[in-house]
Amino acid sequence: MARIVVKFGGTSMANIERIRHSARHVKREIEAGNQVTVVVSAMSGKTNELVGWVNEGSKLHDAREYDAVVASGEQVTAGLMAIVLSEMGVQSRSFAGWQVPIHTDDSHGAARITGIDPTELDKRMNEGWVPVVTGFQGISPHGRITTLGRGGSDTSAVAVAAAVGADRCDIYTDVDGVYTTDPRIVPKAQRMTKISFEEMLEMASLGAKVLMIRSVEMAMAHKVRLTVRSSFDDPDAPQIGPDGRPGVPGTLVCDEDEIMEKQIVSGVTLAKAEAKITLRDVKDSPGVAAAIFGTLADKGIIVDMIVQNIADDGATTDITFTVPDSEYEKAVKALESNGGRFEYARLSGSRGGAKVSVVGVGMRSHAGVAASMFKALADKGINIQLITTSEIKTSVLIDEEYAELAVRALHTYYGLDRKDA
Ligand code: ADP
Ligand code: ASP
Ligand code: MG
């Protein structure tokens, strides 16, 4: 017997027919003698609709009310999943975040889980019931509903899995695993049998939205075995792992030690809608960078890539960085009216950048990945505007117009294309 937490994303919960199909995966696990807790997302498109209504109500809404509205999508699907499971003969009960309870801090709209009481879930599972928990939400220290940020149901699932000591956490989605790049952009993308937590973390933070970053961080910290698989598979088909033996189909996210063959580049990611801002002739003295980025941080603006040039004259320097397109105006305003915290001669910037990255743990021990990446892009006539690197990734900012071309070119260049495609 295994204890499993299974999570169904929006497309897996899109309507009653899909919920019924997803429920059959749960029924199969129960019939195999396993204990299961389900975590659900809202129906696909629902959260966007709810966010739209909130903004229509008022652009300057209170974040507590945003959460009250936006968390409701998961309440609908949790109840429906429990109804459908019960009708199939699987005893099931839904739980909203506060009923578990899933405790969070009070950062409404981007709350972090601080603790989960496993007592009720434990009891239900030991009695043969299937608890269905609303993903994406929890309860604040003040007793109000919170949400975890977009894509947060993945994090709910991993946190619940850690809390109940699950043997594994299966993320059911609309692709049958983690691919070398988004299979919607590159049809030749290959499914990975395994990916390390570190690589998955980089891929998630660089734009592969198949798993929310926080969920990977949490799985890594709590050693939760995570699989990504498709809910669209036939629930009654034999369960065959990626190695061809009986097991969990899909991609296993695991410790690097479990991966024998370390690729230099294992994946390519794309994040669009990046805006670039340059401050020219910034006074070059200690504390200036802190003042500039402190000004942005005070406004809650997340800065991504940063490049600072060495001052020619020893007195001034240029600083360029990126922020999400949606934060561009707010960032420019904050910099222009900085209350004398720092000085610069000119500000210039533009929206519509794309960040393309290559990721691989093999980069730790291989030189020249950045150089080969730049060459592959140059061969396609793609101009690089900014570069950042870490131990296991290299990212470049390019014009959004060339984003897909760049992803495809790099995917081919690093030998990641499916051989039969
Ligand atoms: P869910 O609603 O199930 O949470 P998401 O839409 O959040 O699903 O995530 C699944 C999607 O992630 C896929 O449909 C796919 O287009 C996208 N995706 C991006 N990068 C990757 C990747 N490297 N591997 C697999 N899917 C990816
Ligand atoms: N429904 C939420 C969203 O769309 C959470 C999730 O799907 O993970 O962001
Ligand atoms: Mg998701």
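The chain as shown is numbered from 1 upward.
Placement of Cβ uses the backbone N, Cα and C atoms for every residue, glycine included.
Pulled from TrEMBL:
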{"type": "BINDING", "residues": "LYS7, PHE8, GLY9, GLY10, THR173, ASP174, TYR179, ARG184, LYS209, VAL210", "note": "ATP binding site"}
{"type": "BINDING", "residues": "THR47, GLU74", "note": "substrate binding site"}
{"type": "DOMAIN", "residues": "277-350", "note": "domain 'ACT'"}
{"type": "DOMAIN", "residues": "358-421", "note": "domain 'ACT'"}
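Of all the binding-site residues listed here (LYS7, LYS209), it is LYS209 whose C-beta has the fewest other C-beta atoms within 10 angstroms. THR173 (ATP binding site) and GLU74 (substrate binding site) have their C-alpha atoms 16 Å apart, to the nearest angstrom.
Between the C-alpha atoms of GLY9 (ATP binding site) and GLU74 (substrate binding site), the distance comes to 10 Å. Proximity of the binding-site residues LYS7, THR47, THR173, LYS209 to ligand 2, judged by a Cβ distance under 6 angstroms to any of its atoms, singles out THR47 in sequence order. Not one of the binding-site residues LYS7, THR47, GLU74 has a CB under 6 Å from ligand 1. Helix first, then strand, then coil: DSSP counts for the domain 'ACT' (277-350) stand at 23 helix, 24 strand, 27 coil.
The DSSP secondary structure for LYS209 (ATP binding site) is coil.
Across the domain 'ACT' (358-421), DSSP helix (H, G, I), strand (E, B) and coil residues number 30 helix, 14 strand, 20 coil. Secondary structure at THR173 (ATP binding site), taken from DSSP and collapsed to helix, strand or coil, is strand. Only GLY9, in sequence order, out of the binding-site residues LYS7, GLY9, THR47, GLU74, TYR179 have a CB under 6 Å from ligand 3. Pairwise Cα distances among LYS7, PHE8, GLY9, GLY10, THR173, ASP174, TYR179, ARG184, LYS209, VAL210, the recorded ATP-binding residues, top out at 22 Å. For LYS7 (ATP binding site) paired with GLU74 (substrate binding site), the C-alpha to C-alpha distance reads 12 Å.
In the predicted model, residues of the domain 'ACT' (277-350) average a pLDDT of 92.
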